[in-house]
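Trainee: Here you go, one structure.
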Amino acid sequence: MAEIIWDLGLIQKYNQSGPRYTSYPTALEFSESYTDHDFQQAAVRYPNRPLSLYVHIPFCHKLCYFCACNKIITRHRHKVDIYLDYLEKEIKNRAKLFQNRQVTQIHWGGGTPTYLDEAQSTRLMTMLRDNFNVQAEAEISIEMDPREIELDMLDHLRKIGFNRISMGIQDFNKEVQKLVNREQDEDFIFALMKRARELGFTSTNIDLIYGLPQQTVESFMFTLEKVVELNPDRMSVFNYAHLPSRFAAQIKIKDEMLPAPETKLTILQNTIEFLGKSGYQFIGMDHFAKPDDELAIAQQNGVLHRNFQGYTTQEECDLLGLGVSAISLLGDTYAQNHKELKLYYENVEDRGIALHKGFVLSKDDCIRRDLIKALICNFKLETDRLEQDYQIDFNRYFAEDLALLAPLVEDGLIEISDKALTVSPKGRLLIRNICVCFDIYSRQHAKRQQFSRII
(Lines of atoms letter the chains of each structure in order from A and count residues from 1; the text may use other names and numbers.)
(Lines give C-alpha, C1' and ligand atoms only; values in the text may rest on other atoms or scores of the structure.)
Protein backbone atom coordinates (compact mmCIF):
# COMPACT_ATOMS: atom_id res chain seq x y z
CA MET A 1 0.00 0.00 0.00
CA ALA A 2 1.24 3.50 -0.85
CA GLU A 3 1.24 4.99 2.64
CA ILE A 4 1.28 8.79 2.81
CA ILE A 5 2.57 11.09 5.52
CA TRP A 6 1.19 14.63 5.25
CA ASP A 7 3.95 17.15 6.03
CA LEU A 8 2.49 20.61 5.47
CA GLY A 9 5.84 22.37 5.80
CA LEU A 10 7.43 20.27 3.08
CA ILE A 11 4.37 20.49 0.83
CA GLN A 12 4.40 24.29 1.03
CA LYS A 13 8.17 24.35 0.49
CA TYR A 14 8.00 22.24 -2.66
CA ASN A 15 4.67 23.43 -4.13
CA GLN A 16 6.04 24.68 -7.44
CA SER A 17 5.26 24.14 -11.11
CA GLY A 18 6.11 20.82 -12.70
CA PRO A 19 5.08 18.29 -15.38
CA ARG A 20 2.59 15.48 -14.73
CA TYR A 21 4.90 13.07 -16.60
CA THR A 22 2.35 11.26 -18.70
CA SER A 23 5.39 11.15 -20.97
CA TYR A 24 9.09 11.87 -20.77
CA PRO A 25 10.11 14.07 -22.43
CA THR A 26 6.85 15.99 -22.22
CA ALA A 27 4.81 17.09 -25.24
CA LEU A 28 6.50 20.50 -25.08
CA GLU A 29 9.53 18.90 -26.72
CA PHE A 30 7.64 17.52 -29.73
CA SER A 31 8.95 18.86 -33.03
CA GLU A 32 7.57 19.26 -36.55
CA SER A 33 10.84 17.80 -37.85
CA TYR A 34 9.45 14.38 -36.90
CA THR A 35 8.34 12.65 -40.13
CA ASP A 36 6.05 9.84 -41.16
CA HIS A 37 9.19 7.86 -41.99
CA ASP A 38 10.10 8.12 -38.29
CA PHE A 39 6.58 6.93 -37.44
CA GLN A 40 6.75 3.94 -39.77
CA GLN A 41 10.16 2.90 -38.48
CA ALA A 42 8.90 3.11 -34.90
CA ALA A 43 5.79 1.07 -35.74
CA VAL A 44 7.85 -1.94 -36.81
CA ARG A 45 10.62 -1.72 -34.22
CA TYR A 46 8.87 -3.92 -31.63
CA PRO A 47 6.59 -6.13 -33.78
CA ASN A 48 5.63 -8.45 -30.92
CA ARG A 49 4.50 -5.77 -28.51
CA PRO A 50 0.76 -5.62 -27.83
CA LEU A 51 -1.04 -2.53 -29.08
CA SER A 52 -3.28 -0.07 -27.27
CA LEU A 53 -5.64 2.16 -29.28
CA TYR A 54 -6.67 5.66 -28.21
CA VAL A 55 -9.45 7.35 -30.19
CA HIS A 56 -10.11 11.05 -29.65
CA ILE A 57 -13.72 12.24 -29.98
CA PRO A 58 -13.57 16.06 -29.75
CA PHE A 59 -17.27 16.95 -29.65
CA CYS A 60 -19.20 18.37 -26.68
CA HIS A 61 -22.66 19.91 -26.38
CA LYS A 62 -21.62 22.50 -23.79
CA LEU A 63 -18.41 24.20 -22.75
CA CYS A 64 -17.10 23.41 -19.26
CA TYR A 65 -15.18 26.51 -18.21
CA PHE A 66 -12.39 24.59 -16.44
CA CYS A 67 -11.64 22.33 -19.41
CA ALA A 68 -8.14 22.16 -20.91
CA CYS A 69 -8.93 19.34 -23.36
CA ASN A 70 -9.03 19.55 -27.14
CA LYS A 71 -12.77 19.91 -27.86
CA ILE A 72 -15.36 21.30 -30.28
CA ILE A 73 -18.64 22.67 -28.95
CA THR A 74 -21.54 21.94 -31.30
CA ARG A 75 -25.17 20.85 -31.36
CA HIS A 76 -24.91 19.65 -34.97
CA ARG A 77 -24.68 15.87 -34.69
CA HIS A 78 -24.06 15.41 -38.42
CA LYS A 79 -20.56 16.79 -37.80
CA VAL A 80 -19.78 13.51 -36.07
CA ASP A 81 -20.55 11.60 -39.28
CA ILE A 82 -18.12 13.81 -41.19
CA TYR A 83 -15.49 13.25 -38.52
CA LEU A 84 -16.00 9.48 -38.66
CA ASP A 85 -15.51 9.57 -42.44
CA TYR A 86 -12.06 11.09 -42.00
CA LEU A 87 -11.27 8.93 -38.99
CA GLU A 88 -12.03 5.84 -41.08
CA LYS A 89 -9.48 6.93 -43.67
CA GLU A 90 -6.85 7.44 -41.00
CA ILE A 91 -7.65 4.11 -39.34
CA LYS A 92 -7.36 2.19 -42.62
CA ASN A 93 -4.02 3.81 -43.44
CA ARG A 94 -2.48 3.37 -40.01
CA ALA A 95 -3.79 -0.19 -39.50
CA LYS A 96 -1.60 -1.40 -42.37
CA LEU A 97 1.43 -0.96 -40.10
CA PHE A 98 -0.03 -3.09 -37.31
CA GLN A 99 -1.57 -6.11 -39.05
CA ASN A 100 0.25 -8.62 -36.86
CA ARG A 101 -0.24 -6.79 -33.57
CA GLN A 102 -2.66 -7.92 -30.86
CA VAL A 103 -4.84 -5.08 -29.55
CA THR A 104 -5.26 -5.54 -25.80
CA GLN A 105 -6.66 -2.12 -24.88
CA ILE A 106 -8.97 0.48 -26.47
CA HIS A 107 -9.88 3.82 -24.95
CA TRP A 108 -12.23 6.52 -26.29
CA GLY A 109 -11.47 9.96 -24.88
CA GLY A 110 -12.46 13.51 -25.62
CA GLY A 111 -14.23 15.83 -25.70
CA THR A 112 -17.24 13.71 -24.93
CA PRO A 113 -17.19 10.22 -26.52
CA THR A 114 -20.78 9.65 -25.37
CA TYR A 115 -21.75 12.50 -27.72
CA LEU A 116 -21.97 9.74 -30.35
CA ASP A 117 -25.36 8.09 -30.80
CA GLU A 118 -25.88 4.32 -31.08
CA ALA A 119 -25.34 4.14 -34.84
CA GLN A 120 -22.21 6.31 -34.70
CA SER A 121 -20.64 4.41 -31.80
CA THR A 122 -21.39 1.09 -33.53
CA ARG A 123 -19.81 2.38 -36.72
CA LEU A 124 -16.63 3.44 -34.94
CA MET A 125 -16.28 0.21 -32.98
CA THR A 126 -16.82 -1.79 -36.18
CA MET A 127 -14.06 0.23 -37.88
CA LEU A 128 -11.64 -0.70 -35.12
CA ARG A 129 -12.57 -4.38 -35.08
CA ASP A 130 -12.46 -4.66 -38.88
CA ASN A 131 -9.00 -3.11 -39.15
CA PHE A 132 -7.19 -4.34 -36.03
CA ASN A 133 -6.79 -7.66 -34.21
CA VAL A 134 -8.83 -6.80 -31.13
CA GLN A 135 -8.47 -9.54 -28.51
CA ALA A 136 -11.59 -11.06 -26.95
CA GLU A 137 -10.33 -10.15 -23.47
CA ALA A 138 -9.25 -6.59 -24.40
CA GLU A 139 -9.88 -3.75 -21.95
CA ILE A 140 -12.29 -1.40 -23.74
CA SER A 141 -13.06 1.84 -21.91
CA ILE A 142 -14.91 5.08 -22.56
CA GLU A 143 -15.06 8.49 -20.90
CA MET A 144 -18.63 9.50 -20.04
CA ASP A 145 -20.34 12.80 -19.33
CA PRO A 146 -23.45 11.98 -17.24
CA ARG A 147 -25.24 14.91 -18.90
CA GLU A 148 -24.69 13.41 -22.36
CA ILE A 149 -25.98 9.86 -22.03
CA GLU A 150 -29.18 7.93 -21.43
CA LEU A 151 -29.47 4.66 -19.52
CA ASP A 152 -30.24 2.65 -22.64
CA MET A 153 -27.07 4.02 -24.28
CA LEU A 154 -25.11 2.37 -21.48
CA ASP A 155 -26.75 -0.92 -22.51
CA HIS A 156 -25.66 -0.29 -26.08
CA LEU A 157 -22.06 0.48 -25.11
CA ARG A 158 -21.86 -2.79 -23.19
CA LYS A 159 -23.36 -4.63 -26.16
CA ILE A 160 -20.71 -3.36 -28.60
CA GLY A 161 -17.87 -4.39 -26.29
CA PHE A 162 -17.13 -1.72 -23.69
CA ASN A 163 -16.27 -3.19 -20.30
CA ARG A 164 -14.97 -0.14 -18.41
CA ILE A 165 -16.31 3.36 -17.86
CA SER A 166 -14.85 6.59 -16.53
CA MET A 167 -17.31 9.29 -15.49
CA GLY A 168 -16.39 12.97 -15.14
CA ILE A 169 -18.34 14.40 -12.19
CA GLN A 170 -15.82 17.00 -10.92
CA ASP A 171 -18.05 18.27 -8.07
CA PHE A 172 -21.51 17.51 -6.66
CA ASN A 173 -22.05 21.01 -5.26
CA LYS A 174 -24.73 22.82 -7.29
CA GLU A 175 -23.16 26.27 -6.92
CA VAL A 176 -19.78 25.04 -8.13
CA GLN A 177 -21.41 23.20 -11.03
CA LYS A 178 -23.20 26.36 -12.12
CA LEU A 179 -20.03 28.46 -11.97
CA VAL A 180 -18.16 26.05 -14.26
CA ASN A 181 -21.18 25.51 -16.57
CA ARG A 182 -21.54 21.82 -15.73
CA GLU A 183 -24.85 21.29 -13.94
CA GLN A 184 -25.69 17.62 -13.40
CA ASP A 185 -28.51 15.42 -12.14
CA GLU A 186 -27.27 13.66 -9.00
CA ASP A 187 -29.99 10.99 -9.02
CA PHE A 188 -29.21 10.13 -12.63
CA ILE A 189 -25.52 9.66 -11.83
CA PHE A 190 -26.45 7.10 -9.18
CA ALA A 191 -28.78 5.41 -11.68
CA LEU A 192 -25.94 5.21 -14.23
CA MET A 193 -23.59 3.56 -11.75
CA LYS A 194 -26.28 1.09 -10.72
CA ARG A 195 -26.98 0.18 -14.35
CA ALA A 196 -23.25 -0.17 -15.10
CA ARG A 197 -22.92 -2.79 -12.37
CA GLU A 198 -26.02 -4.62 -13.53
CA LEU A 199 -24.62 -4.74 -17.06
CA GLY A 200 -21.33 -6.22 -15.89
CA PHE A 201 -18.88 -3.36 -16.51
CA THR A 202 -15.74 -4.66 -14.82
CA SER A 203 -14.26 -1.32 -13.74
CA THR A 204 -15.71 2.09 -12.90
CA ASN A 205 -13.76 5.31 -12.39
CA ILE A 206 -14.90 8.75 -11.28
CA ASP A 207 -13.01 12.00 -11.89
CA LEU A 208 -13.13 14.91 -9.46
CA ILE A 209 -11.41 18.30 -9.54
CA TYR A 210 -10.40 20.36 -6.52
CA GLY A 211 -9.58 24.06 -6.73
CA LEU A 212 -12.74 25.03 -8.68
CA PRO A 213 -14.52 28.36 -8.00
CA GLN A 214 -16.33 28.66 -4.66
CA GLN A 215 -15.21 25.25 -3.49
CA THR A 216 -14.75 25.04 0.26
CA VAL A 217 -13.40 22.38 2.57
CA GLU A 218 -16.97 21.55 3.59
CA SER A 219 -18.45 21.55 0.10
CA PHE A 220 -15.78 19.22 -1.26
CA MET A 221 -16.27 16.85 1.67
CA PHE A 222 -19.93 16.67 0.62
CA THR A 223 -18.75 15.67 -2.86
CA LEU A 224 -16.40 13.02 -1.48
CA GLU A 225 -19.16 11.50 0.65
CA LYS A 226 -21.41 11.25 -2.41
CA VAL A 227 -18.68 9.64 -4.49
CA VAL A 228 -17.85 7.06 -1.82
CA GLU A 229 -21.58 6.29 -1.75
CA LEU A 230 -21.34 5.65 -5.51
CA ASN A 231 -18.59 3.13 -4.68
CA PRO A 232 -16.43 3.28 -7.85
CA ASP A 233 -13.46 0.95 -8.23
CA ARG A 234 -11.13 3.86 -8.92
CA MET A 235 -11.08 7.58 -8.40
CA SER A 236 -9.03 10.47 -9.80
CA VAL A 237 -8.87 13.75 -7.88
CA PHE A 238 -7.17 16.37 -10.05
CA ASN A 239 -5.81 19.75 -9.08
CA TYR A 240 -7.45 22.45 -11.21
CA ALA A 241 -4.78 24.27 -13.21
CA HIS A 242 -5.94 27.85 -13.81
CA LEU A 243 -4.15 28.89 -17.02
CA PRO A 244 -6.53 31.32 -18.79
CA SER A 245 -3.73 32.58 -21.03
CA ARG A 246 -3.55 29.08 -22.56
CA PHE A 247 -7.18 27.95 -22.31
CA ALA A 248 -9.66 30.63 -23.34
CA ALA A 249 -12.67 29.08 -21.59
CA GLN A 250 -10.97 29.58 -18.23
CA ILE A 251 -11.29 33.35 -18.63
CA LYS A 252 -14.87 32.81 -17.43
CA ILE A 253 -13.42 31.78 -14.07
CA LYS A 254 -12.23 34.84 -12.15
CA ASP A 255 -9.19 34.58 -9.90
CA GLU A 256 -11.10 35.91 -6.90
CA MET A 257 -13.59 33.01 -7.18
CA LEU A 258 -10.90 30.38 -6.65
CA PRO A 259 -10.18 28.87 -3.23
CA ALA A 260 -7.06 30.15 -1.49
CA PRO A 261 -3.92 27.97 -1.68
CA GLU A 262 -4.24 27.00 1.99
CA THR A 263 -7.86 25.96 1.39
CA LYS A 264 -6.78 23.75 -1.51
CA LEU A 265 -4.15 22.09 0.65
CA THR A 266 -6.72 21.38 3.36
CA ILE A 267 -9.10 19.96 0.74
CA LEU A 268 -6.34 17.67 -0.53
CA GLN A 269 -5.34 16.55 2.96
CA ASN A 270 -8.96 15.80 3.87
CA THR A 271 -9.44 13.95 0.58
CA ILE A 272 -6.49 11.65 1.19
CA GLU A 273 -7.52 10.95 4.79
CA PHE A 274 -11.21 10.43 3.96
CA LEU A 275 -10.60 8.15 0.98
CA GLY A 276 -8.08 6.14 3.00
CA LYS A 277 -10.63 5.61 5.77
CA SER A 278 -13.22 4.73 3.11
CA GLY A 279 -11.16 1.84 1.77
CA TYR A 280 -9.23 3.43 -1.10
CA GLN A 281 -5.48 3.23 -1.58
CA PHE A 282 -3.38 6.10 -2.89
CA ILE A 283 -1.85 4.86 -6.14
CA GLY A 284 0.10 7.99 -6.95
CA MET A 285 -0.22 11.48 -8.39
CA ASP A 286 -4.02 12.02 -8.21
CA HIS A 287 -5.25 8.42 -8.35
CA PHE A 288 -6.92 6.14 -5.82
CA ALA A 289 -8.16 2.55 -6.09
CA LYS A 290 -9.65 -0.16 -3.93
CA PRO A 291 -7.07 -2.62 -2.53
CA ASP A 292 -8.39 -5.46 -4.70
CA ASP A 293 -8.30 -3.34 -7.87
CA GLU A 294 -5.73 -4.47 -10.42
CA LEU A 295 -3.92 -1.09 -10.22
CA ALA A 296 -3.33 -1.51 -6.49
CA ILE A 297 -2.26 -5.14 -6.94
CA ALA A 298 0.12 -4.23 -9.80
CA GLN A 299 1.72 -1.51 -7.68
CA GLN A 300 2.20 -3.90 -4.76
CA ASN A 301 3.95 -6.27 -7.16
CA GLY A 302 6.09 -3.48 -8.64
CA VAL A 303 4.66 -3.87 -12.15
CA LEU A 304 2.43 -0.80 -12.52
CA HIS A 305 2.83 1.21 -15.74
CA ARG A 306 1.85 4.67 -16.95
CA ASN A 307 1.09 6.26 -20.31
CA PHE A 308 -0.86 9.22 -21.73
CA GLN A 309 -4.09 7.69 -20.39
CA GLY A 310 -2.73 7.47 -16.84
CA TYR A 311 -1.85 4.41 -14.76
CA THR A 312 -2.31 1.01 -16.36
CA THR A 313 -1.56 -2.66 -15.76
CA GLN A 314 -0.70 -3.14 -19.43
CA GLU A 315 2.89 -4.27 -19.79
CA GLU A 316 5.16 -2.52 -22.23
CA CYS A 317 2.89 -1.93 -25.21
CA ASP A 318 2.75 0.53 -28.05
CA LEU A 319 0.00 3.13 -28.08
CA LEU A 320 -1.57 4.26 -31.36
CA GLY A 321 -3.49 7.54 -31.17
CA LEU A 322 -6.25 8.11 -33.73
CA GLY A 323 -8.22 11.27 -34.40
CA VAL A 324 -7.59 14.98 -34.00
CA SER A 325 -4.78 15.84 -31.52
CA ALA A 326 -4.24 12.16 -30.58
CA ILE A 327 -0.79 11.15 -29.34
CA SER A 328 0.98 7.87 -30.12
CA LEU A 329 3.79 6.18 -28.23
CA LEU A 330 5.57 3.80 -30.59
CA GLY A 331 8.87 2.20 -29.74
CA ASP A 332 11.09 5.01 -28.54
CA THR A 333 9.16 7.80 -30.23
CA TYR A 334 6.13 10.00 -29.63
CA ALA A 335 3.88 11.29 -32.41
CA GLN A 336 0.95 13.69 -32.34
CA ASN A 337 -1.78 14.44 -34.87
CA HIS A 338 -2.84 17.96 -35.79
CA LYS A 339 -4.81 19.67 -33.02
CA GLU A 340 -7.01 21.80 -35.28
CA LEU A 341 -9.91 19.94 -36.88
CA LYS A 342 -9.54 21.83 -40.17
CA LEU A 343 -5.88 20.81 -40.46
CA TYR A 344 -6.70 17.26 -39.39
CA TYR A 345 -9.26 17.00 -42.21
CA GLU A 346 -6.93 18.57 -44.79
CA ASN A 347 -4.07 16.21 -43.95
CA VAL A 348 -6.20 13.07 -43.91
CA GLU A 349 -7.70 14.13 -47.24
CA ASP A 350 -4.30 14.79 -48.82
CA ARG A 351 -2.08 12.17 -47.17
CA GLY A 352 -4.40 9.70 -45.48
CA ILE A 353 -2.81 10.59 -42.13
CA ALA A 354 -2.73 13.64 -39.87
CA LEU A 355 0.76 13.51 -38.32
CA HIS A 356 1.86 16.95 -37.13
CA LYS A 357 4.86 16.53 -34.85
CA GLY A 358 6.72 14.08 -32.68
CA PHE A 359 9.92 13.19 -30.90
CA VAL A 360 12.57 10.48 -31.26
CA LEU A 361 14.06 9.58 -27.89
CA SER A 362 17.81 9.40 -27.48
CA LYS A 363 19.42 6.75 -25.27
CA ASP A 364 19.60 9.33 -22.47
CA ASP A 365 15.89 10.10 -22.88
CA CYS A 366 15.07 6.38 -22.62
CA ILE A 367 17.17 5.98 -19.47
CA ARG A 368 15.49 8.96 -17.81
CA ARG A 369 12.04 7.87 -18.99
CA ASP A 370 12.49 4.45 -17.37
CA LEU A 371 13.76 6.04 -14.16
CA ILE A 372 10.90 8.53 -13.89
CA LYS A 373 8.29 5.89 -14.73
CA ALA A 374 9.59 3.55 -12.02
CA LEU A 375 9.45 6.29 -9.39
CA ILE A 376 5.98 7.51 -10.38
CA CYS A 377 4.44 4.05 -10.73
CA ASN A 378 6.07 2.07 -7.95
CA PHE A 379 7.79 4.70 -5.75
CA LYS A 380 11.03 2.76 -6.13
CA LEU A 381 13.84 2.47 -8.65
CA GLU A 382 16.21 -0.50 -8.61
CA THR A 383 19.36 1.31 -9.69
CA ASP A 384 21.30 -1.89 -10.34
CA ARG A 385 18.66 -2.98 -12.83
CA LEU A 386 18.91 0.34 -14.69
CA GLU A 387 22.69 -0.08 -14.75
CA GLN A 388 22.33 -3.55 -16.28
CA ASP A 389 19.71 -2.49 -18.83
CA TYR A 390 21.75 0.44 -20.14
CA GLN A 391 25.34 -0.45 -19.18
CA ILE A 392 25.89 2.66 -17.06
CA ASP A 393 27.34 3.49 -13.66
CA PHE A 394 24.32 5.03 -11.93
CA ASN A 395 26.14 7.38 -9.55
CA ARG A 396 28.51 8.63 -12.22
CA TYR A 397 25.84 8.98 -14.92
CA PHE A 398 23.45 10.89 -12.66
CA ALA A 399 26.02 12.86 -10.65
CA GLU A 400 24.47 16.23 -11.51
CA ASP A 401 20.93 14.94 -10.92
CA LEU A 402 21.82 13.42 -7.55
CA ALA A 403 23.28 16.78 -6.51
CA LEU A 404 19.90 18.37 -7.31
CA LEU A 405 18.20 15.57 -5.39
CA ALA A 406 20.35 16.04 -2.27
CA PRO A 407 18.08 18.64 -0.57
CA LEU A 408 15.09 16.31 -1.05
CA VAL A 409 17.08 13.46 0.48
CA GLU A 410 17.98 15.77 3.36
CA ASP A 411 14.28 16.58 3.83
CA GLY A 412 13.42 12.89 3.92
CA LEU A 413 11.40 12.73 0.68
CA ILE A 414 13.51 9.96 -0.81
CA GLU A 415 16.09 7.46 0.44
CA ILE A 416 19.18 6.37 -1.47
CA SER A 417 20.81 2.98 -0.91
CA ASP A 418 23.44 1.02 -2.83
CA LYS A 419 20.84 -0.59 -5.10
CA ALA A 420 17.71 1.56 -4.98
CA LEU A 421 16.00 4.91 -4.76
CA THR A 422 12.94 4.62 -2.51
CA VAL A 423 10.34 7.37 -2.16
CA SER A 424 9.34 7.82 1.49
CA PRO A 425 5.71 8.11 2.69
CA LYS A 426 6.09 11.88 3.00
CA GLY A 427 7.67 12.11 -0.46
CA ARG A 428 4.85 10.38 -2.33
CA LEU A 429 2.69 13.47 -2.69
CA LEU A 430 5.75 15.31 -4.00
CA ILE A 431 6.82 12.66 -6.51
CA ARG A 432 6.79 15.21 -9.34
CA ASN A 433 9.41 17.29 -7.48
CA ILE A 434 11.59 14.21 -7.18
CA CYS A 435 11.24 13.41 -10.88
CA VAL A 436 12.07 16.98 -11.89
CA CYS A 437 15.58 16.43 -10.50
CA PHE A 438 16.14 13.84 -13.26
CA ASP A 439 14.36 15.83 -16.00
CA ILE A 440 17.05 17.43 -18.11
CA TYR A 441 14.49 19.46 -20.09
CA SER A 442 12.93 21.03 -17.00
CA ARG A 443 16.19 22.82 -16.40
CA GLN A 444 15.15 25.22 -19.13
CA HIS A 445 13.45 27.39 -16.55
CA ALA A 446 11.10 29.30 -18.83
CA LYS A 447 9.31 26.19 -20.05
CA ARG A 448 8.51 25.08 -16.53
CA GLN A 449 6.11 27.99 -16.20
CA GLN A 450 3.79 26.23 -18.65
CA PHE A 451 2.94 23.53 -16.11
CA SER A 452 0.48 23.49 -13.23
CA ARG A 453 1.55 23.54 -9.61
CA ILE A 454 2.50 20.21 -8.05
CA ILE A 455 -0.29 20.29 -5.44
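Just so it is clear, glycine is given a Cβ too, placed from its N, Cα and C backbone atoms.
The domain 'Radical SAM core' annotation in TrEMBL covers 45-278. Per TrEMBL, S-adenosyl-L-methionine 1 binding site is recorded for TYR54, GLY110, GLU143, ILE327. Per TrEMBL, the feature [4Fe-4S] cluster binding site maps to CYS60, CYS64, CYS67. Feature annotation from TrEMBL assigns S-adenosyl-L-methionine 2 binding site to PHE66, CYS67, ALA68, GLY111, THR112, GLN170, ARG182, ASP207, ALA241.
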Trainee: Helix, strand or coil for CYS64 ([4Fe-4S] cluster binding site)? Use DSSP.
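Mentor: For CYS64 ([4Fe-4S] cluster binding site) - judged by DSSP and reduced to three states - the answer is coil.
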Trainee: ARG182 (S-adenosyl-L-methionine 2 binding site): which of the binding-site residues TYR54, CYS64, CYS67, GLY110, ILE327 is the nearest Cα neighbour?
Mentor: CYS64
Trainee: Sorry to bug you, but what's the C-alpha spacing from ILE327 (S-adenosyl-L-methionine 1 binding site) to CYS60 ([4Fe-4S] cluster binding site), rounded to the closest Å?
Mentor: 20
Trainee: I want to check the contact list for CYS64 ([4Fe-4S] cluster binding site): same chain, sequence separation of six or more, C-beta distance under 8 angstroms. What comes out?
Mentor: GLN170, VAL180, ASN181, ARG182, ALA249
Trainee: Please give me the CB contact count at 10 A for GLU143 (S-adenosyl-L-methionine 1 binding site), counting all chains in the structure.
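Mentor: Result for GLU143 (S-adenosyl-L-methionine 1 binding site): 21 neighbouring Cβ atoms inside 10 Å.
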Trainee: Need the DSSP three-state call for ILE327 (S-adenosyl-L-methionine 1 binding site) to compare against my parser.
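Mentor: ILE327 (S-adenosyl-L-methionine 1 binding site) sits in a strand per DSSP.
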Trainee: Cα distance, ILE327 (S-adenosyl-L-methionine 1 binding site) to ALA68 (S-adenosyl-L-methionine 2 binding site), nearest Å?
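Mentor: Just about 16 Å between their Cα atoms.
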Trainee: Given the [4Fe-4S] cluster site residues CYS60, CYS64, CYS67, which other residues of that chain have a Cβ within 8 Å of the mean position of their Cβ atoms, reported in sequence order?
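Mentor: Neighbours within 8 Å of the Cβ centroid, excluding CYS60, CYS64, CYS67: LYS62, LEU63, TYR65, PHE66, CYS69, LYS71, ILE73, THR112, ASN181, ARG182, ALA249.
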Trainee: Measure from the CA atom of GLU143 (S-adenosyl-L-methionine 1 binding site) to the CA atom of PHE66 (S-adenosyl-L-methionine 2 binding site) and give the result in Å, rounded to a whole number.
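Mentor: Just about 17 Å between their Cα atoms.
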Trainee: For ALA241 (S-adenosyl-L-methionine 2 binding site) and GLY110 (S-adenosyl-L-methionine 1 binding site), what Cα-Cα distance in Å is obtained after rounding to a whole number?
Mentor: 18
Trainee: Using C-alpha positions only, work out which of the binding-site residues TYR54, CYS67, GLU143 is nearest to THR112 (S-adenosyl-L-methionine 2 binding site).
Mentor: GLU143
